[in-house]
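Database features (Swiss-Prot):
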- 1-86: domain 'Core-binding (CB)' (DOMAIN)
- 107-291: domain 'Tyr recombinase' (DOMAIN)
- ARG147: active site (ACT_SITE)
- LYS171: active site (ACT_SITE)
- HIS243: active site (ACT_SITE)
- ARG246: active site (ACT_SITE)
- HIS269: active site (ACT_SITE)
- TYR278: active site, O-(3'-phospho-DNA)-tyrosine intermediate (ACT_SITE)
Amino acid sequence: MKNLALIDLFLNEYWIEKGLSENTVQSYRLDLTALCDWLDKNDLSLETLDAVDLQGFLGERLEKGYKATSTARMLSAMRKLFQYLYREKYRVDDPSAVLSSPKLPSRLPKYLTEQQVSDLLNTPNVEVPLELRDKAMLELLYATGLRVTELVSLTIENMSVQQGVVRVIGKGNKERIVPMGEEAAYWVRQFMLYGRPVLLNGQSSDVVFPSQRAQQMTRQTFWHRVKHYAILADIDADALSPHVLRHAFATHLVNHGADLRVVQMLLGHTDLSTTQIYTHVAKERLKRLHERFHPRG
């Protein structure tokens with residue numbers, strides 16, 4: 001079978017089996033298509049290549065300047081592909097099993113201080129329907145720690161302003177209920193009453209935060225809006241990431257003494273070790289404060 005056909009088979013079955021988001025599947029597809037192109041160029045087959053071939057492919061990528069993080073992501077996709085091919089008997093072995101992951105630098109997530117978050121959230125002009133929407137989105141994002149994808153796809157039926165909760169279908173189709181708090185609930189209510197009808201202009205939509213065309217907003221559009229407000233708030237937009245408010249949500253909870261397992265549940269992390277990064281952020285902050293203010297720091 002042709003390489004690309006095998007990749008398509010894997011992605012279609014893996015998508016259904018794991019309940020992955022379209023964005024995750026698209027990321028796998030891009031990486032594995034790059035592998036497929038290299039195999040075709042070198043007249044190699046997914047069914048017969050060996051570990052040396054895979055090492056050659058990864059080595060070429062590193063020589064071309066691809067970062068270790070990119071190579072690690074590629075290797076992760078390859079491993080899942082070859083595990084599938086072995087399980088489904090397209091291969092008699094798994095050549096990726098002997099490959100080592102590149103060493104990754106330990107990086108703490110980017111986040112904003114509480115004052116920076118306050119400045120950012122107070123930037124939109126709430127007299128303008130579009131900016132009232134953005135204000136509500138920013139408040140909800142900081143109050144709940146939702147992923148950007150979860151925020152822009154949030155539907156009316158999955159939110160109760162009256163009860164102050166949102167129902168989120170996260171990665172792997174896992175459901176979680178997250179409280180939104182009074183401040184976020186107030187601004188969402190204001191948007192629903194005064195901003196959303198203007199944006200919809202008589203059209204219907206089941207998403208809470210529609211675009212100006214009454215459609216679901218893209219992640220990219222929301223990210224551009226966040227950067228716009230960051231610049232207005234005199235925050236270095238280049239230092240931000242799309243999940244900056246999610247990271248701020250978690251970091252500020254930990255800073256104020258929240259139990260790590262509660263933060264894990266709110267973020268929708270499967271593994272507690274993923275959440276533990278925020279304890280490191282808190283420790284780094286305490287270390288800097290100690291160095292700054294202690295007489296022997």
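Cβ atoms are placed via backbone N, Cα and C, with glycine included.
Between the C-alpha atoms of ARG246 (active site) and ARG147 (active site), the distance comes to 7 Å. Taken together, the residues in the domain 'Tyr recombinase' (107-291) have a mean pLDDT of 82 on the 0 to 100 scale.
Separating the Cα atoms of HIS243 (active site) and ARG147 (active site) is a whole-number distance of 7 Å. In the three-state DSSP scheme, HIS243 (active site) falls into the coil class. All protein chains considered, the CB of HIS243 (active site) has 20 other CB atoms within 10 Å. DSSP assigns ARG147 (active site) to coil, not to a helix or a strand. Helix, strand and coil counts from DSSP across the domain 'Core-binding (CB)' (1-86) read 68 helix, 0 strand, 18 coil.
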